[in-house]
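Quick look at what Swiss-Prot annotates:
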type: DOMAIN; residues: 6-215; note: domain 'ABC transporter'
type: BINDING; residues: G38, P39, N40, G41, S42, G43, K44, S45; note: ATP binding site
Amino acid sequence: MSDSTFSAKNLACVRGGRVVFAGLGFSLSAGGALVLLGPNGSGKSSLLRVLAGLLKPAHGLLAWNGEALAEDPEAHAARTHYLGHHDAVKPVLSVAENLRFWAHLHDPHAERAGRAVDAALSRFGLARLATIPGKMLSAGQKRRTNLARLLAAPSPLWLLDEPTTALDKASIKVLEDVLAEHRAAGGMVVLSTHADINMPGAQELHLDQFAVAEELP
């Protein structure tokens, strides 16, 4: 992965007429990580959607290598992997089929995508569940399937909303190792969490510090 930078300056978000946060900023370079902290309703999920390009900020600038994301939203979508707090596991597809769907969207080369899927299944302990349909999975198994998409369809920037939800300690350790390897390869991670997760050197952003009481002008 290239030596890139991802930055936000003076970001503000408005949802339903309410200013969720304002004046927010950060800067990440290759290998960097940012943990979003704050109570429910402080805007962690909204910020992740803004960073993914799924929600337009009310104010402020998002930039990749100094270039505004608004200048090339398709390029930003291609380098970003966003996982929301709801698991996007298709119930009628098997675990392997779910991952193949995402892998082929990322890489149309069937053999290469297949190898990525096999590696993702193995890494997240899903190989024995590969043929099981999504509707039969437990909450933890669905979460691991969702997280396995990160390896099946790799991208430089990972945006993760509460990735440890429904995971046991062993699965959290696997996730921590995967995050560390991604960062060591030059990738970036932004995640929200209510749980402890080991990401050495990660920055912290407390969203309640950017709450405002009045409407933006």
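Using the three backbone atoms N, Cα and C, a Cβ is placed for every residue, glycine included.
Locations of recorded Swiss-Prot features on the structure.
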residue: G38; record: ATP binding site; contacts (Cβ under 8 Å, 6+ apart): K44, H206, L207, D208
residue: P39; record: ATP binding site; contacts (Cβ under 8 Å, 6+ apart): D208
residue: N40; record: ATP binding site; contacts (Cβ under 8 Å, 6+ apart): none
residue: G41; record: ATP binding site; contacts (Cβ under 8 Å, 6+ apart): none
residue: S42; record: ATP binding site; contacts (Cβ under 8 Å, 6+ apart): V20, F21, L207, D208, A211
residue: G43; record: ATP binding site; contacts (Cβ under 8 Å, 6+ apart): C13, V20, F21, L207, F210, A211
residue: S45; record: ATP binding site; contacts (Cβ under 8 Å, 6+ apart): G84, H85, D161, S192
> Three states by DSSP: which one describes K44 (ATP binding site)?
Replying inline: helix
> Which residues, in sequence order, are found in the same chain with Cβ within 8 Å of the centroid defined by the Cβ atoms of G38, P39, N40, G41, S42, G43, K44, S45 at the ATP site, excluding those residues themselves?
Replying inline: S46, S192, L207, D208
>> For the domain 'ABC transporter' (6-215), what's the mean pLDDT in this predicted model?
In response: 94
